[in-house]
Amino acid sequence: MPKRTDIKKIMVIGSGPIIIGQAAEFDYAGTQACLALKEEGYSVVLVNSNPATIMTDKEIADKVYIEPITIEFVTRILRKERPDAILPTLGGQTGLNMAMELSRAGILDELGVELLGTKLSAIDQAEDRDLFKQLMEDLEQPIPESDIVNSVDEAVAFAAKIGYPVIVRPAFTLGGTGGGMCADEKELREIAENGLKLSPVTQCLIERSIAGFKEIEYEVMRDSADNALVVCNMENFDPVGIHTGDSIVFAPTQTLSDIENQMLRDASLKIIRALKIEGGCNVQLALDPHSFKYYVIEVNPRVSRSSALASKATGYPIAKLAAKIAVGLTLDEMINPVTGTTYAMFEPALDYVVAKIPRFPFDKFEHGERRLGTQMKATGEVMAIGRNIEESLLKACRSLEIGVYHNEMPELTNVSDDALVAKIVKAQDDRLFYLSEAIRRGYSIEELSDLTKIDLFFLDKLLHIFEIETELAAKVGDIAILKEAKHNGFADRKIADIWQMTADAVRKLRLDNKIIPVYKMVDTCAAEFESATPYFYSTYEWENESIKSEKESVIVLGSGPIRIGQGVEFDYATVHSVKAIQNAGYEAIIMNSNPETVSTDFSVSDKLYFEPLTFEDVMNVIELEQPKGVIVQFGGQTAINLAEPLSHAGVTILGTQVADLDRAEDRDLFEQALKDLNIPQPPGQTATNEEEAVASARKIGFPVLVRPSYVLGGRAMEIVESENDLRSYMRTAVKASPDHPVLVDSYLVGSECEVDAISDGKDVLIPGIMEHIERAGVHSGDSMAVYPPQTLSKEVQATIADYTKRLAIGLNCIGMMNIQFVIKDETVYVIEVNPRASRTVPFLSKVTDIPMAQIATKLILGSSLTELGYKDGLYPESQNVHVKAPVFSFTKLAKVDSLLGPEMKSTGEVMGTDSTLEKALYKAFEASYFHLPAFGNVIFTIADDTKEEALALARRFSNIGYSILATEGTAKFFAENNLEAVLVNKLGEDDDNDIPAYVRSGKVQAIINTVGNKRTFDEDGAAIRSSAIEHGVPLFTALDTADAMVRVLESRGFITQAI
């Protein structure tokens, strides 16, 4: 069927900010879809609130709106643009829910807008638990016994009927939000109450637990002519009971017999046909390991995280083809872009194994609840490709960037047997490493399978890895066992550990004996047909399929898995760098390990190597490709950390040199550089042990800011108020040593701002200065940032520009750099310099219209700013005001404290743009799900040192019609200053009148809570904050953010005064 000609303009709804459960995979899907629709000649209008995406670049769609994805703003855009249709199936749960809302509000009918891809009725049937159950019964597809409930009592009654354990699944939520497994009535009451609150339709499904079954996923496609195919099937290493986003996954399935595979394949195709989905769809099934019994768990009627994984695992571009199907094209008339010869109707075949391992944020959240269940907790994931399970699993382990390079964590050798077993039974994020440790201790795989219900086949692979370790230990220097270990994915470093030599020595032994990897192509057809994709993975076999081209090449290192502190912003910069390399006439090669991102789409670069970002893996590619050099500036700390070992091995690092990177990162060298350049910084010292730290702090004076050197995202950074707290920090938070000193700085309470600059060594272009709303002490990634600055004097801005130029030239910076300043009493101090692209690059690029990463890349390759038509100095400001606001995923992470401080906690960002600061702030708050009504109740519970300031805020809230509630000390202070506040209790003093009770009752519109001493973990405060998060009540832990919210409310209200 040819494409439709009755529609001309299509709106694509994006997925908004990155949160746990909805990450970069939707930037990849949305970008593909917009380009595919443009390719077919349609006019595309894109709405998305996340500036850190490639999708929101001007060239991706005909019109790009970076606006909140709320009914208010999407309706405005619909009325203005009048599209013929909306494609909502590529914006994750956000896009789907928005489409449903627009439809229910009658807006689509009123404007005559059609929904493409999947009909509303199908979305309802897949997402509404009741309708889904009905459909499965009609299709005679088995589902676990279940019941839909709208109250906690109904849930308890049903569970009593079928018996525990049961699973709670709220309707229309993302990534299992609010759901969970309940072993008894107490757990059920707690989880069901929370789930009903988080479900937009106050509905949950209570179902019999089938934990322990194999969890299998099928990624299927269907078109309007009812052609349907399976793109990829996947098997979870972890059985049912752990969210698939938190499970290790292998593709294709590994333990199914042909009969089982056909049975589940038929079920999946039957379901997609019954739902009449046009596009991609993901079906999750549970299979009894001891019989042919299976259950359908759920269906996602849209492109999902699994679709991104399936696309990268097979090379089959699901989102691109789904977009074309939505406008009427069929699978048998579209060419598969990977082979360029076969049609899209051809099911992919794999001659390799793909492993995906989730990346969790618990390195940032010491107190977080690490136990895994049906609610997703991972922020990102890595994927690795090998010719066997062992190889792909070990490559994935070393891609995680959690300080391991094998399926082993050395510190687990100190764990007792009892603790080891407990951790294996109650799965946490690091269970793979506990299982491997148990095998090393001699536990049998049968015992472990009984404890975990993980298939013996997978545990046998872990045993095989251990057997190779044992053999390596017995045969030091043996070439045959070296070959065997490399064929099974062992890193040189691991072999070196066992053989008690250096990794360099192992590498030399390998190269001397010609044990080098070959690169195989991902071609969707198991090499059956000629294929044109330049998409490769390494393995230790014979024939090499990656041929070095005649053209000179440049390698760009990506940023690996998405985690807190290193998000999709770095992928954005990577993709732009590649474009500039290609424009400059070089071949652009990307190395990365993240399946969710645009950079690992094989059509972005000239060659893609899907490999771990470690010295060994990168070096292997460099030896094959012999590039002009490597660019490390755009891959965050991941790539920067590789600069030194690569340079040491003789590789050319393009842009800022390693010695200069060191001058910015090494504390003593940096201090010296600032002294030489005559630039002030807060007084500080380095300490290599506890006593030195205490001596430094006494000299500087408390409060001090303490942190380890060489980190990203403010890891283990704290503001410390006293000597006792400092001692406690030195003992618990860091492992200080002469190699890893701790920095002790005077903590200046001032306003903070930052600059991204681009330098060619002579001239320095400063696109703009971003002013932070929260004062120093809140990590820059968690602060709201405003461009152009609203309160900085012209003199301060001129000083910032002057210091930026001095630093860029003084540190010999070629390319990008990011500098953070604090301003106190009109004096500008430099806090830190990062000689690389930072997380603000996409935001600043968009608001100034300067393609920063592309310009930086051209400078790195030898151009000058003058040649490119840019002047030295600060670029003229834009007319509009732009606000970048952070977005957090606390609802997904139990026991993580939402208090803001110097350690970064946000997972994503949104942007608001308008003619005034207040309007831009309003949009930024709306886009980040901080919605405050015009009146209501606000609770203040404030630390002594901020009560004065809080009083002024409370008065302003009161003036616009809010009622003020406060805890005892705060209420007393307010009363002494003539502001009446209703007294509420903190916790448990009076259960009907404490803060959690108010929060549960829905009577509170916001909570403002500040804390004095951050070191003493205050359980009351943490419980108050977590009750606000659980019930979706806006929570402000920085008074500056609350001040911004009051400004918005004031600007939207009218004054009513008696004369």
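Keep in mind that glycine also has a Cβ here, set from the backbone N, Cα and C atoms.
When Swiss-Prot records SER746, LEU748, GLU752, GLY777, VAL778, HIS779, SER780, GLN820, GLU832 as binding ATP 2, the matching candidate from ARG707, ARG727, ARG955 it lists for that site is ARG707.
Mean pLDDT for the region 'Allosteric domain' (930-1059) in this predicted model: 88. Distances between the Cα of ARG129 (ATP 1 binding site) and those of the binding-site residues GLU298, ASN300, ARG707, HIS779 are shortest for GLU298.
Across the region 'Oligomerization domain' (402-546), DSSP classifies residues as 78 helix, 11 strand, 56 coil. Under the three-state DSSP scheme, ARG208 (ATP 1 binding site) falls in the strand class.
For GLU832 (Mn(2+) 3 binding site), the same-chain residues that are 6 or more apart in sequence and have a Cβ closer than 8 Å to its Cβ are ILE819, GLN820. Long-range C-beta contacts of ILE242 (ATP 1 binding site), restricted to its own chain and to partners at least six residues apart, with a cutoff below 8 Å, comprise GLU215, ASN236, LEU372, GLY373, THR374, ALA427. Residue pair GLU298 (Mg(2+) 1 binding site) / ARG208 (ATP 1 binding site) shows a Cα separation of 14 Å. Per Cα geometry, ASN834 is the residue among the binding-site residues ARG208, GLN284, ASN300, ASN834 nearest to HIS779 (ATP 2 binding site). Here the region 'Allosteric domain' (930-1059) has, by DSSP, the following mix of helix, strand and coil residues: 58 helix, 21 strand, 51 coil.
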